């Protein structure tokens with residue numbers, strides 16, 4: 001039983017900087033905030049009974065408690081009957097959640113699905129492996145959970161940035177090109193904030209005041225304001241000291257945030273008289289050598305277009321690539337021979353931030369905002385993930 005899959009609501013939290021404005025919130029709390037924001041936009045759906053499933057990405061799950069997706073659902077007010085699945089496909093987790101949700105509806109297993117993701121990189125713990133068996137004698141080691149499970153290649157133990165350097169060498173992408181890309185990403189995101197382009201997608205997060213201080217609301221992405229052009233250009237390379245090109249400034253930062261998307265079947269769309277925002281036209285995934293994860297999106301995008309029945313990539317109005325590093329945006333634009341003016345027009349993860357388990361949904365939320373506000377119809381989102389993979393989704397604005 002194949003049927004169309006519609007997006008009827010999207011929402012995301014602002015993206016907080018590492019140990020920044022959202023540091024007091026767990027990933028589950030951020031996920032629930034995003035989901036509540038999405039639910040508020042579709043009052044026709046009864047949160048307690050109309051939802052069949054939630055599929056939510058989360059990468060750094062240590063110390064969150066069992067089944068983060070289930071926690072998000074119940075915290076946001078969904079019924080106890082809801083089936084919940086947490087996805088860990090590293091950076092592509094939330095996009096995989098969207099794909100799985102669409103497949104569930106297409107197969108007739110569900111009619112209303114929440115897809116998205118959440119991450120608090122700030123609150124990811126350190127690990128002490130020796131504590132389980134007893135450290136016995138002398139010093140022991142603390143392992144950074146963010147680095148171990150989020151930012152290091154599991155196969156060679158190298159930082160993902162080392163492979164970003166490999167990509168720059170392999171594809172002849174210079175430090176100047178990466179710095180220019182990063183500056184442009186910041187400038188586009190700053191301009192988009194100024195013009196209110198993100199207002200419809202962001203749901204404010206309330207931060208409880210302490211010691212008699214009033215509660216505050218976080219309403220904007222925190223990172224874009226941190227641009228200092230001269231500091232960015234003079235930043236030292238991190239992963240390759242001599243003749244390196246990748247810096248902390250032209251890579252995405254470490255962040256906190258969440259995003260949620262509500263998917264429905266055509267039957268529920270008509271039955272509940274819902275207004276469709278977009279249709280999920282297709283998706284595609286690919287993988288190759290783990291060290292080449294940076295350009296895996298260029299393999300996933302053609303698969304997604306084929307699945308969506310789109311033969312000419314030039315007919316796509318806008319693209320959203322997750323900017324894990326500036327080189328990721330540059331290399332995939334280069335390989336696919338895209339018009340750069342169609343790519344990440346509101347800025348990307350270098351400037352907005354990259355909360356790992358959230359980003360795959362965040363790029364789709366922002367892509368839909370772009371299509372709605374810039375007059376486009378067809379959009380493609382893609383995101384690479386550790387291990388050499390990538391996921392891509394094609395949407396059509398309605």
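Any Cβ shown, glycine's included, is placed from N, Cα and C.
What Swiss-Prot says about this one:
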| type | residues | note |
| --- | --- | --- |
| ACT_SITE | 91 | active site, acyl-thioester intermediate |
| ACT_SITE | 354 | active site, proton acceptor |
| ACT_SITE | 384 | active site, proton acceptor |
| BINDING | 186, 231, 252 | CoA binding site |
| BINDING | 186, 248, 249, 251, 350 | K(+) binding site |
| MOD_RES | 2 | N-acetylserine |
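Feature annotations (Swiss-Prot) mapped to structure.
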residue: 91; record: active site, acyl-thioester intermediate; Cβ neighbours (10 Å): 33
residue: 186; record: CoA binding site; Cβ neighbours (10 Å): 24
residue: 231; record: CoA binding site; Cβ neighbours (10 Å): 10
residue: 248; record: K(+) binding site; Cβ neighbours (10 Å): 15
residue: 249; record: K(+) binding site; Cβ neighbours (10 Å): 24
residue: 251; record: K(+) binding site; Cβ neighbours (10 Å): 25
residue: 252; record: CoA binding site; Cβ neighbours (10 Å): 26
residue: 350; record: K(+) binding site; Cβ neighbours (10 Å): 30
residue: 354; record: active site, proton acceptor; Cβ neighbours (10 Å): 28
residue: 384; record: active site, proton acceptor; Cβ neighbours (10 Å): 31
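When the binding-site residues 186, 231, 248, 249, 251, 252 are screened for a C-alpha within 10 angstroms of the C-alpha of the residue listed as 'active site, acyl-thioester intermediate', no residue qualifies.
Comparing Cα positions, residue 354 (active site, proton acceptor) lies closest to 252 out of the recorded positions 231, 248, 249, 252, 384.
If you take the Cα of residue 249 (K(+) binding site) and the Cα of residue 384 (active site, proton acceptor), they are about 19 angstrom apart, rounded to a whole number. Proximity note: of the listed recorded positions (231, 252, 384), 252 have a CA within 10 Å of the CA of residue 350 (K(+) binding site), given in sequence order.
Note on proximity: of the recorded positions 248, 251, 384, the one nearest residue 186 (CoA binding site) is 251, by Cα distance. Rounded to a whole value, the Cα-Cα separation of residue 251 (K(+) binding site) and residue 231 (CoA binding site) is 14 Å. The separation of residue 384 (active site, proton acceptor) from residue 231 (CoA binding site), Cα to Cα, is 28 Å.
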